[in-house]
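Annotated features, as they stand in TrEMBL:
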DOMAIN    2-151  domain 'UBC core'
ACT_SITE  Cys85  active site, glycyl thioester intermediate
Amino acid sequence: MQRASRLTRELSLLATEPPPGITCWQNGQLDNLRAQILGGVDTPYEKGIFNLEIIVPERYPFEPPKIRFLTPIYHPNIDSAGRICLDVLKLPPKGAWRPSLNISTLLTSIQLLMAEPNPDDPLMADISSEYKYNKQLFLLNAREWTEKYAGQ
């Protein structure tokens, strides 16, 4: 019951006061959500609309939601299946998830990760080394993918 009431509260807050560039809604059942993140200004993802899937586990908020990109994105911390390498999406000791976090916070963290990749904790080693050692090529590839897959 706690999970349902908390999710309902979070979704209504996301609907009335969404973080800038983020929308989130129910996709059928309460535990299956969709979100959209707009690519940030002055990033290679600018003007892109990225769709995400959010699966809320039975034990939420004691367990983090599973979030993945449905829109392909060229990023060192996001793999080809859309999985995201971000500490707040994992339980301790390896992760930083806490029950005080919410879906809005997670989506904002993902938006920040898009703007500021973490090449030292990559899911995609080749993209990470490109980001570190050939940033111009990385930016070019990321912009191309954004236009191809996330264009409006």
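Residue positions begin at 1 at the first shown residue.
Glycine too: its Cβ is placed from the backbone N, Cα and C atoms.
Just so you know, TrEMBL annotations are computer predictions that nobody has curated.
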*What is the Cβ neighbour count of the residue listed as 'active site, glycyl thioester intermediate' at a 10 Å cut-off, with all protein chains included?*
18
*What is the three-state DSSP composition of the domain 'UBC core' (2-151), stated as helix, strand and coil residue counts?*
56 helix, 31 strand, 63 coil
*Taking the domain 'UBC core' (2-151) alone, what is its mean pLDDT?*
96
